[in-house]
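For reference, the structure discussed in these notes is given below.
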There are 2 protein chains.
Amino acid sequence: MKIALAQLNYHIGNFEANTEKIISNIQSAKNKGADLVVFAELAICGYPPRDFLEFDEFISLCENAAQDIAKHCIDIACIVGLPIRNDVLQGKDLFNAAYFIENAKVKSITKKALLPTYDVFDEYRYFEPSTSFKCIDFKGKKIALTICEDLWNINDNPLYVSNPMDELIKEQPDVMINIAASPFSYTHDDERIKVLSDNAKKYHLPVFYVNQVGAQTEIIFDGGSLVFDADGEMKAEMKYFEEDLQVFDLTEVENVRNKYPQPERLTDIEQIHDALILGIRDYFRKSGFSKAVLGLSGGIDSAVVCALACTALGAENVMAVLMPSKFSSDHSVQDALDLVNNIGCMHEIIPIRDATEAFDGMLAPAFKGLPFNLTEENIQARIRGTIAMAMSNKFGYILLNTSNKSECAVGYGTLYGDMCGAIGVIGDVYKTQVFQLAKYINKERELIPINTIVKPPSAELRPDQKDSDSLPEYDILDRILYQHIEFKQGSAALIAKGFDEALVKRILKMVNAAEFKRYQTPPILRVSPKAFGMGRRMPIVGKYLT
Amino acid sequence: MKIALAQLNYHIGNFEANTEKIISNIQSAKNKGADLVVFAELAICGYPPRDFLEFDEFISLCENAAQDIAKHCIDIACIVGLPIRNDVLQGKDLFNAAYFIENAKVKSITKKALLPTYDVFDEYRYFEPSTSFKCIDFKGKKIALTICEDLWNINDNPLYVSNPMDELIKEQPDVMINIAASPFSYTHDDERIKVLSDNAKKYHLPVFYVNQVGAQTEIIFDGGSLVFDADGEMKAEMKYFEEDLQVFDLTEVENVRNKYPQPERLTDIEQIHDALILGIRDYFRKSGFSKAVLGLSGGIDSAVVCALACTALGAENVMAVLMPSKFSSDHSVQDALDLVNNIGCMHEIIPIRDATEAFDGMLAPAFKGLPFNLTEENIQARIRGTIAMAMSNKFGYILLNTSNKSECAVGYGTLYGDMCGAIGVIGDVYKTQVFQLAKYINKERELIPINTIVKPPSAELRPDQKDSDSLPEYDILDRILYQHIEFKQGSAALIAKGFDEALVKRILKMVNAAEFKRYQTPPILRVSPKAFGMGRRMPIVGKYLT
């Protein structure tokens with residue numbers, strides 16, 4: 001039996017495009033001699049459809065699309081994911097399901113049992129977990145089909161009290177197929193390979209795994225679909241961050257015990273880079289926009305975002321706006337211009353002095369001679385936000401946010417100022433990782449000026465300001481943030497790890513006091529296991545940690 | 001047996017304050033002769049603690065607080081809600097639980113079985129559902145204790161496949177106690193009374209129900225704790241929107257079949273008014289702030305918010321900023337000043353002309369003579385946002401957002417402009433309800449100038465602008481929005497209801513195209529069953545409905 005894995009980039013709720021893409025891949029798989037073509041979890045509507053699922057019309061549109069797809073399953077069978085109604089008047093109204101289609105008919109339905117409800121996942125919000133399990137009979141083989149999380153309950157502290165494969169194995173299946181929508185983080189590829197390999201070994205069955213690829217707003221799917229033999233040896237690894245369709249012969253996978261020549265794995269920074277490019281590109285493409293604008297300060301964050309945007313969208317589609325103030329150093333403007341010249345994007349220089357003076361004058365009566373402070377720093381940032389949004393409104397450019405994860409974490413940014421934007425490009429990338437990204441971007445030639453990389457970070461909102469006036473060195477800050485955010489370490493645990501007590505308490509207080517700011521920031525492209533946004537849901541008016 | 005229901009206002013993660021309050025109410029209940037005092041669901045940490053629950057330290061702090069509380073349970077027993085660890089290495093790491101404490105010891109633990117995971121609720125994100133059920137023996141009575149949602153599975157299309165009371169009833173209990181954290185919406189009090197009465201009748205048992213009261217950022221708990229006899233007749237209804245402690249004699253509830261003289265129910269608008277006052281007050285009190293600032297335009301939205309804020313915080317703590325432009329009509333400034341005079345709050349007048357001209361000049365080279373359009377309208381709104389935030393930054397006032405639900409829905413507002421603020425006061429109140437609120441606020445005397453109420457709504461961002469230039473009349477708009485948002489009706493269903501097809505499609509497209517704006521707006525005080533914010537999670541880059 002020949003099994004095709006179709007690793008595709010879906011668009012949520014775009015039934016026309018998704019259906020057309022699925023049908024065309026059924027045809028391609030057939031042309032390549034496949035007996036069965038497998039599409040990802042919720043392929044028909046895209047993952048995650050979120051509260052679209054609460055519209056009955058949306059579920060009908062999924063079913064209609066499945067019927068259209070079924071018509072094309074002649075001389076090839078297909079497995080495709082979609083949400084379906086629960087016709088029992090008890091429990092949630094929907095199942096996360098997959099159709100097995102043969103001879104243009106839905107022959108069987110598989111429902112997901114383990115519903116991820118943590119981090120960015122909300123599946124139990126919508127779906128009833130399945131409690132019945134049945135293999136699929138096809139061409140003399142028994143297929144144990146599971147949906148994504150259904151195979152992930154095999155570690156020492158399993159999240160669920162049941163295990164679908166423990167039921168399916170009773171039918172003595174010949175092969176496992178898992179359809180997934182498993183989001184990227186730079187730690188995820190290794191975990192995925194281990195979990196699938198462990199499943200193959202535990203049940204002594206080959207595993208065919210197909211993932212989605214592409215970004216859905218902030219969530220990025222990296223593809224990387226996989227095939228394992230019954231010994232848990234990897235037999236194939238499909239493309240990362242790209243669509244891919246490959247056909248595998250089950251007999252070969254079963255019988256040929258030779259090692260598959262695994263490609264060299266990407267480093268974390270390479271993965272983050274490629275994920276961000278895909279994230280930017282899909283945000284624009286799926287929103288129907290092509291041009292971006294961003295504020296270019298001469299600092300490293302906006303330089304990295306500008307370079308990423310130029311790669312993702314083409315330099316001719318990126319407008320960099322330089323908005324110097326009286327506190328901007330000469331080198332900042334020069335560094336920004338050097339980048340623009342290196343990279344070839346559009347640019348405008350719009351000094352903010354006139355607006356700054358206008359606000360100073362307008363506010364003087366109310367401010368009654370109170371001294372310059374954070375207020376006036378924020379006004380500068382908000383003038384820049386207003387200019388960037390004006391360029392966006394006037395020309396249809398989409399504003400990219402350039403805040404990094406370290407400053408998002410501690411609230412070192414101005415709400416409605418530099419925290420503006422439609423999408424946060426590096427909001428899940430710590431400052432220390434931003435430096436690594438910059439070096440990676442410069443690997444072939446100096447795109448980002450060296451001076452931008454080596455000079456001390458500064459917001460330049462008052463004379464001779466440095467980030468280190470307000471924050472600890474990023475090296476130590478990021479290590480504390482990483483433990484607190486990614487590993488949920490409270491102050492006692494951090495102090496026990498040897499971090500300075502006063503520093504830990506100060507940083508944790510900053511992080512949690514900034515929750516109200518993060519609530520109002522753009523969606524952030526997720527590249528780590530714990531990004532700010534929908535995957536981290538903290539009280540705003542809370543006392544713990546502040 | 002005398003049962004005290006302690007309906008209290010907790011602060012999330014403020015263990016010191018919550019513990020002190022619980023202990024002081026144990027003492028009060030004892031003084032009033034109670035044998036048992038009952039506190040709400042997750043009383044010890046406050047509800048909803050959200051991802052604080054993922055910090056192991058947080059769970060330890062809950063346990064420590066419970067041990068402190070236990071010491072005070074001498075000559076009185078207590079039921080109190082808290083999260084506890086799941087010591088089985090399978091399933092989620094926590095339970096949503098309640099301790100039954102007697103003679104200073106935790107005698108038994110009850111765990112929640114039905115975990116609301118919809119709208120604003122995320123309980124399965126954290127908790128393992130209980131599968132074992134046991135009544136509490138106390139003073140010769142058997143108590144069937146359940147936690148909130150555990151009693152809510154009794155309609156015709158139940159959300160869960162099991163029902164905890166069906167298990168507990170096998171022990172032939174004498175009384176049901178339910179501890180809750182059941183958020184307010186203006187439809188919720190009637191539903192709650194019906195559900196509890198139906199439970200009393202179904203199991204033929206008296207029901208004692210205690211709810212939290214108070215606002216936790218956007219989620220408002222209204223209290224309204226209840227007692228029913230075994231016939232399902234209401235025997236007591238505790239205060240709404242206030243703390244309350246009442247003691248009930250179980251024998252009297254069991255035996256006296258007389259009708260309880262139910263207080264007249266509040267109208268929807270009265271409930272919304274009281275909820276918003278509590279929402280504003282608790283946001284400030286629990287954040288440690290006392291003063292508010294808002295932009296006052298002369299229109300009805302900001303007038304209503306100003307009046308609400310003055311009631312919640314005291315007029316002396318509210319700063320209204322009038323920010324007229326060249327498009328502001330004379331009557332707008334006069335209407336705003338009339339309100340300020342009627343209500344006695346602080347005010348500043350800061351005309352925005354200088355900043356508008358500065359931006360016009362600064363942007364002229366980049367804009368190359370392109371005509372005035374939405375861009376320049378947005379600049380005005382963003383100048384106002386910047387001024388309001390400058391007042392906030394300089395004086396420590398918290399900015400109130402004044403957007404109503406109708407304009408939030410269709411995106412009729414400027415991101416980083418009038419959509420700024422720490423908390424959205426009327427973002428869950430449709431424009432037609434805002435008019436009703438204004439009339440209710442004026443019930444005793446004219447606080448909001450009549451002219452503000454009767455004039456046609458306008459954003460005044462260009463000459464002679466009216467909302468009706470861009471939007472349908474609010475009367476029809478709100479009816480379509482209500483069906484679409486509260487009842488999740490898609491376009492086909494709305495057209496079938498008789499709404500104009502072109503209008504329906506235009507409005508639904510506006511609603512869904514504004515998702516990126518709503519993602520970045522402040523938390524909105526929730527007063528309806530479906531508010532924008534954490535209870536409505538829509539894709540941003542999606543195609544369905546746009």
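Cβ from N, Cα, C; glycine included.
Whatever TrEMBL says is automated annotation, not expert-curated.
TrEMBL lists B:Gly295, B:Leu296, B:Ser297, B:Gly298, B:Gly299, B:Ile300, B:Asp301, B:Ser302 as ATP-binding residues, and of the candidates B:Thr187, B:Thr402, B:Thr414 the one it assigns to that same site is B:Thr402. The deamido-NAD(+) site is set by B:Asn378, B:Glu407, B:Lys517; from the centre of their CB atoms, other residues of the chain with a CB within 8 Å are B:Ala381, B:Ser403, B:Gly411, B:Tyr412, B:Gly413, B:Thr414, B:Leu415, B:Gly417, B:Asp418, B:Met419, B:Ala514. Local packing around the recorded positions B:Lys112, B:Lys517 was summarised as the count of other Cβ atoms within 10 Å of each Cβ; on this measure the leading residue is B:Lys112.
For the pair formed by B:Lys112 (active site, for glutaminase activity) and B:Glu41 (active site, proton acceptor), distance between Cα atoms is given as 10 Å, rounded to the nearest Å. Its Cβ taken as reference, B:Glu41 (active site, proton acceptor) is surrounded by 25 other Cβ atoms within 10 Å in the chains shown.
Annotation for B:Tyr118 (L-glutamine binding site): same-chain Cβ neighbours under 8 Å, separated by at least 6 residues, are B:Leu159. Closeness to chain A is evaluated for the recorded positions B:Glu41, B:Tyr118, B:Cys148, B:Asn378, B:Glu407, B:Lys517 by Cβ distance, with values under 8 Å counted; counted residues in sequence order are B:Tyr118, B:Asn378. Within its own chain, B:Ser182 (L-glutamine binding site) has B:Cys148, B:His188, B:Arg192, B:Asn211, B:Gln212, B:Phe221 as residues 6 or more apart in sequence whose C-beta sits under 8 angstroms from its own.
When secondary structure is read from DSSP and collapsed to three states, B:Glu41 (active site, proton acceptor) falls in the coil class.
Separation of the C-alpha atoms of B:Lys517 (deamido-NAD(+) binding site) and B:Glu41 (active site, proton acceptor): 34 Å, rounded to the nearest whole number. Considering only the residues assigned to deamido-NAD(+) binding, B:Asn378, B:Glu407, B:Lys517, the longest pairwise Cα distance works out to 15 Å. Listed in sequence order, B:Gly413, B:Lys431 are the same-chain residues six or more apart from B:Glu407 (deamido-NAD(+) binding site) with CB atoms under 8 A from its CB. Annotation note: B:Asn378 (deamido-NAD(+) binding site) sits in a helical segment as assigned by DSSP.
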